[in-house]
Amino acid sequence: MAVTEVEVPAPPSEAPPPSRRGLLRYNSPLAQVSLLGLICFCCPGMFNALSGLGGGGQVSNATADNANTALYACFAVFGVLGGAAHNLLGPRLTLLVGALTYPLYAGSFLYYNHHPRQAFPVTAGALLGAGAGFLWAAQGAIMTSYPPPNRRGTYISLFWCLFNLGGVLGGLLPFAFNYHKDPTKPASVSDGTYIAFMAFMLAGAALTVVILPPARIVRDDGTKATRVTFSSPATEGAEILKLFANWKMLLVLPAAWASNFFYTYQFNNVNSALFSLRTRGLNNVFYWGAQMIGSAGIGYFLDFGFASRRKRGLFGIVVVAVLGTAIWGGGLANQLKYGQAVKNGDGKLANPIDFKDAHRYPGPFVLYFSYGLLDAMFQSLIYWIIGALANESQVLSRYAGFYKGVQSAGAAVAWQIDTHKTPLLSQLVVNWGLMTISYPLLALLVFLAVKDEDTSVSSVEDGNGNKGSKLSAPTSFH
């Protein structure tokens, strides 16, 4: 559902004194966005670290594949409905409901360690899909409406750094807890690993209670940040259906489908299949660290690389396309080298690669690091392009909802493809092909829809083809 930004000047008495401005002031946008980053550090950040282990940290990928299928199928629906929940319940309760589903998911794999039945993890995955839809809807509303327009990119960068640090620290947990396990033997992660994930996720849920209502957020200039109003369900439903006939969204669709499709292959069939248990955790530290580098790098290029906004978009696509082709080419070489050995080992390398193996480790490690770098650059590029298509927050919220819905649907399909033991080479080719098809379509979208008026601001169309007011291009937000 859409959220609407309305600037409401505050009475002079509400303007904060200079000594209370910025992060030290609890009701400032910076303080609230920082708290939001910490919540996502603890919940989605730790979930990313757990998923990155492959198979949810289990020897077999089957249970995690089915759990993630249920998760992303529900996410595809509740990602769209989460906006309505936010407008009805407010950010605090919406975030709390969403955050509580994360420790339940981690706990289901702790249960599976002792009672290997799929029902609990799959049910927890479905509930997490609904909860994640709520959490990310509230996150999107806060990131859209709280920051001052001229500082939005800075606030978004701060949030994503905090969020991805969760994946970095989360990668250290399985590395530390499973360090002394025999690296030559396949094994599930220890109970302590799951308990540590749950502890962080519960802490994130607890932090949601300190999130303030939107009406109480005051910017440094003394103005209130926003008032969030509820849009008619009938109106939103009609507008969402129109997106599937919107030529701009049809050009985005292959990129959206591809943007989470490759996680299954990278987590299950590269990190989990090739590396020892403790090394998988270490790899995730660098995978999510690469996300921070990639997002910051492409974001800076897209905002400041050229005077022309359209040229920035087109050259950004070229940069990602060239890098993506090189990385997936390296992935093909790696697949051809290890594919038969993994197949003979029933989905796992019989002698898994350990980080202490100086001869075998560097090549596959650099590849996995590069996958993380490409993921962040590709998704940041897509979000930057979506942000350049319109000025109206209602229109952009629908575009973002369409993107998340298609993205989650693609992920649900990918996890099932892996469940059915689709050949790994076929999975790699499909992933590479989806991303390759998306590049010229994104370039066409930028060429046709992203306009420039001068070197600093651009006039872009709203969702109905009408010219909007001048507005600086928003920084990418992953």
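Each Cβ is built from the backbone N, Cα and C atoms, and glycine gets one as well.
Model, not experiment: these values are computed from the prediction.
Here TrEMBL flags 9-19 as compositional bias 'Pro residues'. As annotated by TrEMBL, region 'Disordered' applies to 1-21, 457-478. The transmembrane segment annotation in TrEMBL covers 30-50, 70-88, 118-137, 158-180, 192-212, 249-265, 285-302, 314-333, 365-389, 429-450.
For the transmembrane segment (429-450), same-chain residues at least 6 beyond its ends with a Cβ under 8 Å from one of its own Cβ atoms are 248, 251-252, 254-255, 257-258, 261-262, 265, 309-310, 313-314, 317, 320-321, 324-325, 328, 331-332, 378, 381-382, 385, 388-389, 458, 460-461. With a cut-off of 8 Å on Cβ pairs spaced 6 or more residues apart, the transmembrane segment (285-302) and the transmembrane segment (70-88) reach fewer than 3 such pairs and are scored as not touching.
Across the candidate stretches 30-50, 118-137, 314-333, 365-389, the maximum count of CB pairs under 8 A to the transmembrane segment (249-265) is reached by 365-389. Counting Cβ pairs closer than 8 Å and at least 6 residues apart in sequence, the transmembrane segment (70-88) and the transmembrane segment (118-137) reach three or more and so form a contact.
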